[in-house]
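Written out below as structure tokens is the structure these notes cover.
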Amino acid sequence: MKSVQLCLLLWCWRAICCRSCELTNITIAVEKEECRFCVSINTTWCAGYCYTRDLVYKDPARPNTQKVCTFKELVYETVRLPGCAHHSDSFYTYPVATECHCSKCDSHSTDCTVRGLGPSYCSFGEMKE
């Protein structure tokens, strides 16, 4: 009975202390080459903990899939970037996560690298508010 109580206590502690995969507010730097500067935009994305494991002995019959916190549903919003040249397209469309879950990283829609550029990277070096 004590071991069951201990397991329950540890499970509750993990649920409280370790954030699960959930929506979070982030600030991203958006840029267009025609505008030559970056603008900070607030959006919603997924962050948190997903249970995963890396087996010591690899089984070729069973693929080892690491799960990451990623979007389940998203919508796109569009903003007009101020200060762009008159002849250029000053609209920028960016993703907004509306629901999150733990899943395999989809490299077709997500940067699955260990060290990506990050959401605040600006190739022009100048940020406009």
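Every residue, even glycine, has its Cβ placed from backbone N, Cα and C.
Out of CYS35, CYS38, CYS46, CYS122, the record in Swiss-Prot bonds CYS84 through a disulfide to CYS35.
Cross-referencing CYS18, CYS21, CYS112 with Swiss-Prot gives CYS21 as the cysteine bonded to CYS69, criterion being a recorded disulfide. Closest by Cα distance to ASN42 (N-linked glycosylation site), from the recorded positions CYS21, ASN25, CYS50, CYS105, CYS122, is ASN25. In sequence order, the disulfide-bonded residues near CYS84 (disulfide bond) (Cα within 10 Å of its Cα) amount to none of CYS38, CYS69, CYS100, CYS102, CYS105, CYS122. Per Cα geometry, CYS122 is the residue among the disulfide-bonded residues CYS46, CYS50, CYS105, CYS112, CYS122 nearest to CYS35 (disulfide bond).
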